[in-house]
């Protein structure tokens, strides 16, 4: 794809894009846009951006689709309320059926609303009758018991004709008996919520000043309230009163407390008659309600079978009209004109879709497809799959690549999980994460169509990244020789042995080398020894510097590929070359010294060498000399680093100014055909030379900031890679603490119960701290190293993503 320097890579450069114009006859425009939505390779430009949504051509159709969507949401609520399953997606309806569907949805909605209203009315009547029956039964028992008690009391009074008053004789008995013929008591029966019953009784007593008699009976089971439709615990009450004023007060209090009143007859035969009548009406209503529910269930089931089909049609039709509103109407009002970005490879597929739409809509005129020339910056489009899409999303979270800019995701696919693994090196923990990733991958088909929680969805989306991180963690864990912090002699015997018996107590005092060097990774004898921390500190710190310098060099090399692709020679000569010289004169040389010291086994102090390389470059090195002529090499490297700074700073602004002056003086009138590509490249990736005005001061200040940032960043970025060493050491020490202070300590008690508790604590600590928190920590640090230390060397990331009009994307967003 690029400047001939490397083989084509799908992810290295974004797809070549072009802007196309579509002129579609009005009779086939709906079907055309629908077919293009199925294709999903066009990003339409809004040609009516100055119009509000209500002023656009197809506002009425969108409103109609919105109303249909509202009806479908109503159906969905009713279906879910009835605990019926929604069908899976079936064969889609033709777009021309949308008018018939609108009529059908209207009829179904009216029928459902009427059924719901009738059902609610019947349910309310049924609940009222159930309450009425309970009131009749409880009040009948109350009247019957009261009457029997009064009869027994009169019999006792007749027997005590002597007129002696006992302690149980009512004080006002004679007065009540004397006045009973003159006073006519009224009464109410009904139900009151149990939680309000005490307050109800107290308010009644106060309102009538105690001139009433109230009796309450508790219902064993909750009853459905006719008004609210909820199950409530209630009490049946009977209240006796005297006078119209008391009646009015009691009625108002009943309304205020939500007490439902029901009529009741004193005569027993009428009570039985009412109970029989109410029982019969309850039975009839139950039959009617069941029949209505059955009919409603059948209707909802038929809707549920076609719900997804209808919903998909309405959603697609609405998105089609939204897209049509982005097209402009021709002056003849016989066709619509649209402009859209599309990949170059999609031209043939788009033309085929246009021809098919014209044929299927019986249009006499075919749509016109033509490529336009533009200076606009095209959108960025990478064709990804389920394996590399997560890495591309990680890169895009920093910033979307500018059109055809070198994509960091190509190398990030490998470097990201590797740098994570450097900080998370334990092949036991790596196996645990790998099992989790493989479980997510095995459930791919099942979980891909479901709604997941935020954390689960994030883990599922990055399942292949997690798998790569786990595989690399196993690899680095084998290098570190750590399995839950325990070393194993997997690749052979240790190279060291004890000189005498005194060195067997987990120290390296008295160890001598008796065999060949351990073939792969760290020798297991280092773990648990006194020299473990100094040895691993030195190893991991130097390894972090080597990895960091390598990745930063790769970033600068990527800037060379960018400059070569866009034919920007200034950036090659005055940015890439001095940056490579400066970085490698300092930290490239340090990396060389590290490797040389490992190979030779020298005891030279690298800190001393690097510090005095600048402070006293002419001093003799003495025992810090690693190779012949080292002093002269260091002087040359310091001079090269010093020369590289003005090399980066000064020439580029003056050359850009010269280019601008030449273009606007002697090269203004050049053929547009030959300059179109160059103009597009300059508009996309040039500096300030493409504008009508050239502010030299702005360009110079920009270059000064860029130079200072690179010079200081070379030091700070290299130091930043030491987080690889720090987090790796922290992970190893935490793992060792959990193993020794939890598991081994519990084992030392020789008690099965304590050991079982120790295992549980060890598992929870390992999963919670090492497999969750440490994983997240290492992930974020690897993310920072790629975004800041690696990508800032070459990646501008100020493009915008290609968002094609696609039904598949529309459905995902709606879900």
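Cβ atoms are placed via backbone N, Cα and C, with glycine included.
TrEMBL annotations: computationally assigned, not manually curated.
Residues 30-31, 34, 64, 68, 71-72, 74-75, 78, 226-227, 229, 285, 288-289, 292-293, 295-296, 299-300, 303, 309-310, 312-314, 316-317, 320 of the same chain lie 6+ residues outside the coiled coil (91-125) yet bring a C-beta within less than 8 angstroms of a C-beta in it. Under the heading coiled coil, TrEMBL lists 91-125.
Annotation comment: TrEMBL describes 418-443 (among others) as transmembrane segment. For the transmembrane segment (418-443), the list of distant contacts is 459-460, 463-464, 466-467, 469-480, 482-486, 543-544, 547, 551, 723-724, 727-728, 731-732, 735, 766-767, 770-771, 774-775, 777-779, 781-782, 785-786: same-chain residues at least six beyond its ends, Cβ to Cβ under 8 Å.
Annotated transmembrane segment per TrEMBL: 464-481 (among others), in sequence order.
Within the chain, the transmembrane segment (543-565) has long-range Cβ neighbours (under 8 A, six or more residues past its boundaries) at 2-3, 5-6, 13, 404-406, 408, 411, 415, 419, 422, 571-572, 575-576, 579-580, 583-584, 587-588, 590-591, 594-595, 685, 714, 717-718, 720-725, 785, 789-795. Marked as transmembrane segment by TrEMBL: 543-565 (among others).
The transmembrane segment annotation in TrEMBL covers 572-596 (among others).
Taken from TrEMBL, the feature transmembrane segment applies to 633-650 (among others). Non-local neighbours of the transmembrane segment (633-650) in the same chain are 574-575, 577-579, 581-582, 585-586, 589, 609, 613-614, 617-618, 703-704, 706-707, 710-711; each lies 6+ residues outside the stretch with a CB under 8 Å from one of its CB atoms.
Marked as transmembrane segment by TrEMBL: 753-773 (among others).
Listed as Cβ neighbours of the transmembrane segment (753-773) (distance under 8 Å, sequence separation of 6 or more from its ends, same chain) are residues 426, 429, 432-433, 484, 731, 734-735, 738-739, 742-743, 745-747. The average pLDDT computed over the coiled coil (91-125) stands at 85.
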